[in-house]
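As recorded in TrEMBL:
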- 12-33: transmembrane segment (TRANSMEM)
- 53-74: transmembrane segment (TRANSMEM)
- 81-99: transmembrane segment (TRANSMEM)
- 105-125: transmembrane segment (TRANSMEM)
- 137-156: transmembrane segment (TRANSMEM)
- 162-183: transmembrane segment (TRANSMEM)
- 303-319: transmembrane segment (TRANSMEM)
- 339-358: transmembrane segment (TRANSMEM)
- 370-390: transmembrane segment (TRANSMEM)
- 396-417: transmembrane segment (TRANSMEM)
- 429-452: transmembrane segment (TRANSMEM)
- 464-484: transmembrane segment (TRANSMEM)
Amino acid sequence: MVFRKPPDGGWGWVIVVVSFFTQFLCYGSPLAVGVLYVEWLDAFGEGKGKTAWVGSLANGIGLLASPVCSICVSSFGARPVAIFSGFMVAGGLMMSSFAPNIYFLYISYGIVVGLGCGLLYTATVTITCHYFDKRRGLALGLISTGSSVGLFIYAALQRELIDLYGLDGCLLIVGALSLNILACGSLMRPLESSDSPPPEKSCVDKVPDQYFVYHEKEKTVEENISILDKGYIDEKCANNMPDYKQDSILNKNVLSSINVNEKDTYKKKVVEQTNFCKQLAKRKWQLYLNYWEETAVLFKNRVFSALFVAILLFDIGGFPPSLLMEDVARSANINEDDYPVPLISIIGIMTAVGKLILGILADFKWVNTLYLYVTTLLMMGVALLAIPFAKSYLTLAMLSGILGFLTGNWSIFPYVTTKTVGIEKLTHAYGILMFFAGLGNSLGPPIVGWFYDWTQEYDTAFYFSGFCVLLGGFLLLLAALPCWNACASQSSKLPPNTYSYKVASSA
């Protein structure tokens, strides 16, 4: 398949619109799962740590399975994957309305919905990158705000649906809304080349294989000569026999000659296929070795190693507020009637604002994107440490807005990764970092919930979250200090293929 040059417009803007609504529809409920989390606590009576696994799986499983999602999109295309994933998300949400216990939700909401969201995220990003080159940053920024807008709207929508139809009715309606992903996916037309159609087959090539009696049974000259010799000897012997015996012997000779040649051909094919499998195994093994060698080289990069620790700690500590903030307000004895806008909605809309503003700042040449990312981590750590001191809706709303804005640093994370490892290693490095981000998303809310189950209050949990984010920020700041470059320049000659860290610190 040959792709045209990205048009940077035209049907590409349709792709941007449908990708925006796809992320809006698939991520709206999982990101606003904090509203459902409170209801599940009352419905099943399980601990906060055990119940938090539902939302953490829904948001983390897609990142954990990002390599599988990429393979699916590469093999089948964005449109089929988007349509299939739409059925997964809608089906998982509807199945969750019939959940008899929390363990059923782990599968229906956590794994099925989470994996569907991961597939849809990969499909939307891939198809958008195919259609845009010069405006790729703008296009990706627009579609990424779909999840944030979905969080803002679905938080209020799910609460209203629960009041009107109950938890089960809410999940059924939200699942039905997710079926609109099928319409969005059907518009994700692949960017194929229409100028060079594949050559048509000749009339002989169009004949099905089963009509060729000697298909793949071509003989060499020596084999044909031996067959003719055998036929001549058999003919001389057959002249002294009756006609019916001659016919039967002739048929047997023809069949036996064909069987002998079939056996020879079969043996040759077995040998060829065995050699092919051996060569393929060697190539695959070499690819695996190269992959792990490249991974080892990445972790020799001081800044990349610190970035890997920072993203893991950031997701362990920074993701729980979006899931647990509603329960934090209820634990502080704040009545739901006292605040008009859900705290999760505030986080969602400020995340969209943060993505846009931080993305714009990253485009300025005088802004060091690595230091900008470190600043957001340190500020988020301080905000998390301040949550235990917030005892009113106003202070919780302000902290929710700050946390949401700082969570928008996801938009500059690809910039930071590129400046750290270079554009040629971006795909490899970004996949590794997203895996650990998904691991942090999956572990963060249950850990915070277990702290509550242990201490019966959220203060210790958010002290732990703030400490994790601050630790990741300080480690990344320490690794990015310019003094390391001065020490490296004074050292002896670097061996070949040793990676320089200058790019990372001067980004």
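In case you wondered, yes, glycine gets a Cβ from its N, Cα and C as well.
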At least three Cβ pairs under 8 Å linking the transmembrane segment (162-183) and the transmembrane segment (81-99), pairs spaced 6 or more in sequence?
-> yes
Report, as numbers and ranges, every residue of the chain located at least six residues beyond the transmembrane segment (137-156) whose Cβ falls under 8 Å of a Cβ in that stretch; write 'none' if there are none.
-> 12, 16, 19-29, 31-32, 34-35, 124-125, 128-129, 131, 174, 322, 341-342, 344-345, 347-349, 351-352, 355-356, 359, 363, 408, 410-411
Is it true that the transmembrane segment (105-125) and the transmembrane segment (370-390) have 3 or more Cβ pairs under 8 Å, skipping pairs fewer than 6 apart in sequence?
-> no
Of the listed stretches (53-74, 396-417, 429-452, 464-484), which one yields the highest count of Cβ-Cβ distances below 8 Å with the transmembrane segment (303-319)?
-> 464-484
Spell out yes or no: are there three or more C-beta pairs under 8 angstroms between the transmembrane segment (53-74) and the transmembrane segment (429-452), with each pair 6 or more apart in sequence?
-> yes
Non-local residues, at least 6 beyond the ends, that sit with Cβ under 8 Å of the transmembrane segment (396-417) = 141, 144, 148, 307, 311, 318, 321-322, 325, 328-329, 332, 334, 339, 341, 343-344, 346-359, 361-362, 369-370, 372-373, 376-377, 379-380, 383-384, 386-387, 390, 426, 429-430, 433, 507
